[in-house]
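Take a look at the structure set out below.
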Amino acid sequence: MVGEVYGAPNQYLHLHRARQSDTPTPSPSFRNARVPKPLGSPLERLVTERCRSGNLKLEEAVSLFDRLFSSDHLRPSIHPFNSLLAAIPKTNHPDRYSTVISLFNRLNLIRDRGIYPDILTFGVVINCFCRMGRVDLGFSTLGLSLKHRRGINAFIFGSLIKGLCAARQIEDAAQLLAKMPRMGCTPDLISYNTLIDGMCRTGNTRVGLDLCRRMATQGSCCEPDVVTYTTLIRGFCQEGDIGMAVKTFEEMVAGGLKPTVITCSILIDGLCKNGNVRAANEVFQKMPSCEWNRAMEVLREMVNQAISPNVVTFNALIDSLCKHRVTCEAERLIDLMEEIGEKPNVITYTALLQGYVLESHLDKAIRLFERMSQKSIEPNQHSYSILINGYCKNGKIIEALDLVEKMMKHGLKPDGVIIDILRNEANNCKTPDEVKQTISGLVDKIKHLEEK
């Protein structure tokens, strides 16, 4: 295991000062680092290719690491090892972070071959420790990096700030951000957004807004973006301070930033919960309905920065997408929800169900309805009424009536919307007489249930 633990930012600063004169210039942020060009042995080229593929599994990555580790025909280079260590956290395997730590410790055994961890190696390992909730060991690894004169970069700072925020050590995270320039590293937008998110999650959204304003007005190296403001708006909504949420939204627009569908969805949800439906409708009218791709980019950026939207935010956005008949994007959004561990609920699937019916994709709606039961998500009254309406629109009256019966067997009473749908079919001249009689009997049965 790595050496002595440095529990707080102040405790490793002296290491940097002692070596500042002979520490190499920090390399570019690891976020922008690319997988090395496919040079060297066939094995190294294979590693590069698999890491670039995007479908590398943890077991395969470990196998490739073992082959690199035992090969006698490698250049003395850390690059192929870095490629694997950086690819493993992207596998979403539950043991991905601990596996990186284990493989990193094995690198000590091949130093005699001229293979030494560099700043990118240490950056990946520090990030893994922080993701595991062991920011203390992240600082310990930073001490080891500085001891070996490997320096520090924005990616390492960002990982440590994120780790401190996850541990609710917001003051330490803020101090660390403030020390970045003194340690030869300029804070980047992701570091600022991570700290602001930590402030919002701990009930300090106003402090986060102050930091955002300093970014915008005091010549900071980077200005707040749509993720910054969306995070603040969500924070104010969660704190019940809707007035500040609206004010922040207006400040964002006045600053020349376009709110995305995500930003609008969060604010609309907050306003509705506060009973301000009129203001929510005004925000909805401003929603940029043609910018769904940009919204997805922002949402993914929020997820990448550990600023994960909750199911309410996802549902508001999915509902908007489906009402605008963009179900393909809604499907992508549900995939993203499941990818980050947010479980879609009956509201999520009902919104998509309505989108399918609006787009005349009845077959998709039927399959989705069946899948809801398979996922132990019971359709609600609204779910049934949407599919019943879909059946009737497509001339499948018998199927619609069967679904009404099924609904009643499950203890759900058809509402006025469903009764109106059935009456419309009964008054349709194209509906066979025997079907009209069945509808009439079913409507009477529903009314009888209401009288009980």
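Numbering starts at 1 and runs along the chain as it is shown here.
Using the three backbone atoms N, Cα and C, a Cβ is placed for every residue, glycine included.
If you check TrEMBL, you get these features:
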- 153-187: repeat 'PPR' (REPEAT)
- 188-222: repeat 'PPR' (REPEAT)
- 225-259: repeat 'PPR' (REPEAT)
- 260-294: repeat 'PPR' (REPEAT)
- 310-344: repeat 'PPR' (REPEAT)
- 345-379: repeat 'PPR' (REPEAT)
- 380-414: repeat 'PPR' (REPEAT)
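Taking Cβ pairs closer than 8 Å, the repeat 'PPR' (188-222) reaches residues 29, 31, 154, 157-158, 161-162, 164-166, 168, 170, 173-174, 177, 180, 228-229, 231-232, 234-236, 238-239, 241, 244, 248, 255, 305-307 in its own chain, all 6 or more past its ends. With DSSP states grouped into helix (H, G, I), strand (E, B) and coil, the repeat 'PPR' (345-379) comes out at 26 helix, 0 strand, 9 coil. For the repeat 'PPR' (380-414), the list of distant contacts is 346, 349-350, 353-354, 356-357, 360, 362, 365-366, 369, 372, 421-422, 424-425, 431, 435, 438-439, 442, 445-446, 449-450: same-chain residues at least six beyond its ends, Cβ to Cβ under 8 Å. DSSP states for the repeat 'PPR' (153-187), grouped as helix (H, G, I), strand (E, B) and coil, give 26 helix, 0 strand, 9 coil. On the 0 to 100 pLDDT scale, the model's mean across the repeat 'PPR' (153-187) is 93.
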